[in-house]
Amino acid sequence: MSHVVVKNDPELDQQLANLDLNSEKQSGGASTASKGRYIPPHLRNREASKGFHDKDSSGWSCSKDKDAYSSFGSRDSRGKSGYFSERGSGSRGRFDDRGRSDYDGIGNRDRPGFGRFERSGHSRWCDKSDEDDWSKPLPPSERLEQELFSGGNTGINFEKYDDIPVEATGSNCPPHIENFSDIDMGEIIMGNIELTRYTRPTPVQKHAIPIIKGKRDLMACAQTGSGKTAAFLLPILSQIYTDGPGEALKAVKENGRYGRRKQYPISLVLAPTRELAVQIYEEARKFSYRSRVRPCVVYGGADIGQQIRDLERGCHLLVATPGRLVDMMERGKIGLDFCKYLVLDEADRMLDMGFEPQIRRIVEQDTMPPKGVRHTMMFSATFPKEIQMLARDFLDEYIFLAVGRVGSTSENITQKVVWVEDLDKRSFLLDLLGATGRDSLTLVFVETKKGADSLEDFLYHEGYACTSIHGDRSQRDREEALHQFRSGKSPILVATAVAARGLDISNVRHVINFDLPSDIEEYVHRIGRTGRVGNLGLATSFFNEKNMNITKDLLDLLVEAKQEVPSWLENMAYEHHYKGGSRGRSKRFSGGFGARDYRQSSGSSSSGFGASRGSSSRSGGSGYGNSRGFGGGGYGGFYNSDGYGGNYNSQGVDWWGN
């Protein structure tokens, strides 16, 4: 092998210098384009290679003059991913709650739960929203508008609300409004009110909105279906839009610097059930459309991991059940340090379900601002004495608002009570369903979970499209059942009491108490699922010997609501009263305390607002045993009854008087 000495050749030296990765200055500054870059063999000695390693030309450049990448997947100077949008993920993989598209600046589709938030984990908080005007609406989204506002009905009987009496007690009560335009709630709220097709406020909204806008605490007692949810959401969101995020935004930013993802909601709404929490959340989505406010909902029975991921995208208004909220707080995911607005919806129901320890833990034993600093509202259809005493601890110089017949039922609901033995209930139910038509939404209440499954199976084999919900069903199954019912695919829903409170299912035409509850207040909430927000409705209850304990209360309720009272029920109530059966009467009818502000009672036994009427003047008759008068004692002869059953006859008028 021969060794040949090669003379120094300038071109060869240049190539060797280019192969030296550790020498950025080999070319003596004459060829700054190379900067020690390796040149692929197919580009060596070509003129086209001169611009290939230009530091300004492409992503191959690794110049230290830039502290962030500029290509797909790059990082900007603030350490945030260029691929991940700084605005956070959207709602349900379509558009987010404020109308932004799923596509970020580089055309990448947003995938829920796929990290489309910055490293600190709270996208909507950590943008430049502190510099933005929260009162200005964001751009509209036609697709999101269709999703949020496509349904709804204000009701054909809305005018009747003008005559409902209202009683407000408390110092310096703000004057009520007659129209939404009478009070300044901002451009965003007024636009969303128009989209929801609300023409004018209901009585509870007329009084509650100016009270909350005036930053006064409130305890409101209104009939079910009267628009309580909008009564507190509208003024709370209006105030948030006006005031902005305040200190909560800084707290989230500061917290995020250390890798934590704790959220500090500005408003908290507590609800007793998962269904009611989801319903309030959906309403909050409507009224926060085109705003920078992001509502969230957390409840038990669902994947907590998914709920945490949703929270980490930002949370300004939180709707929660008490148990799941305590869990989130103990995990360090929720802080209430900057909560300005607290709402307890269906407060009596939460106490009935045993949530008082959790509520006090949330309100009194954590970091929530004390009363007088935060603004607190309590809403429910009934307010017994225990709830009003709880208000002393949570509310500061509050206003008590009683709308209509407190704890009573709406006159928009036609109530029918029929005597049906247990063995005849299924046959009578089939007759009712046949009379009301297969397209009408019908809600059937039973007392037990087993009874719900059994009745659903019976109706299915009779050819009826039906579904059911109760406490043993998974959250997913319950939500699917409610969706099938709302959409009309399964127009018959069999339910236990889990669905009785707070559910806002539009256009329920008929509520049937297949099994009457033992508590008259539960009866009030059950039949309140129909006749909502001015719509007309019908409630039919099957009564027999097992329901003797609510005879007197049921009679008083029918009289209050100006309903037709069967003569046999009057006779039963009279006899039951004089046998001492009134000992089991509910708190609602024990002097009517839940109907008025306890601060005004001063120990008096006054019956108060909407108190029950006595029945001492009822006819003694011949005793209820011989006065059922339904032909054969069962449902068979009931069609010819003068007082009630005539509307069942297919040859006469229907249930609705047509």
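The backbone N, Cα and C atoms fix where each Cβ goes, and this holds for glycine too.
These features come from Swiss-Prot:
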- 1-141: region 'Disordered' (REGION)
- Lys55: N6-acetyllysine (MOD_RES)
- Ser81: phosphoserine (MOD_RES)
- Ser85: phosphoserine (MOD_RES)
- Arg100: omega-N-methylarginine (MOD_RES)
- Ser101: phosphoserine (MOD_RES)
- Tyr103: phosphotyrosine (MOD_RES)
- Arg109: omega-N-methylarginine (MOD_RES)
- 178-206: motif 'Q motif' (MOTIF)
- Ser181: phosphoserine (MOD_RES)
- 198-205, 222-229: ATP binding site (BINDING)
- 209-401: domain 'Helicase ATP-binding' (DOMAIN)
- Lys213: SUMO2 cross-link (CROSSLNK)
- Arg588: omega-N-methylarginine (MOD_RES)
- 597-625: region 'Disordered' (REGION)
- Ser601: phosphoserine (MOD_RES)
- Arg613: omega-N-methylarginine (MOD_RES)
- Arg628: omega-N-methylarginine (MOD_RES)
Taking only the Cα atoms, work out how far Thr202 (ATP binding site) lies from the residue listed as 'SUMO2 cross-link', in Å, as a whole number. 16
Mind looking up the mean pLDDT for the domain 'Helicase ATP-binding' (209-401) in the predicted model? 89
Per DSSP, what is the residue count of the motif 'Q motif' (178-206) in each of helix, strand and coil? 17 helix, 0 strand, 12 coil
By a 10 A CB contact count over all chains shown, which of the recorded positions listed here is most packed: Arg200, Lys213, Lys228? Lys228
Which of Ser181, Thr202, Ser226, all recorded positions, has a Cβ with the fewest other Cβ atoms inside 10 Å: Ser181
Given the recorded positions Ser181, Tyr198, Ser226, state which is nearest to the residue listed as 'SUMO2 cross-link' when distance is taken between Cα atoms. Ser181
If you measure between the CA atoms of Lys228 (ATP binding site) and Ser181 (phosphoserine) and round to the nearest Å, you get 19
Same chain, |i - j| six or more, Cβ under 8 Å of Val204 (ATP binding site); the result in sequence order is Ala220, Ala222, Ser226, Gly227, Lys228, Ala231, Leu401, Val403
Cα distance, Arg200 (ATP binding site) to Ser181 (phosphoserine), nearest Å? 9
Cβ atoms within 10 Å, counted per site: which of Tyr198, Ala222 has the most, among these binding-site residues? Ala222
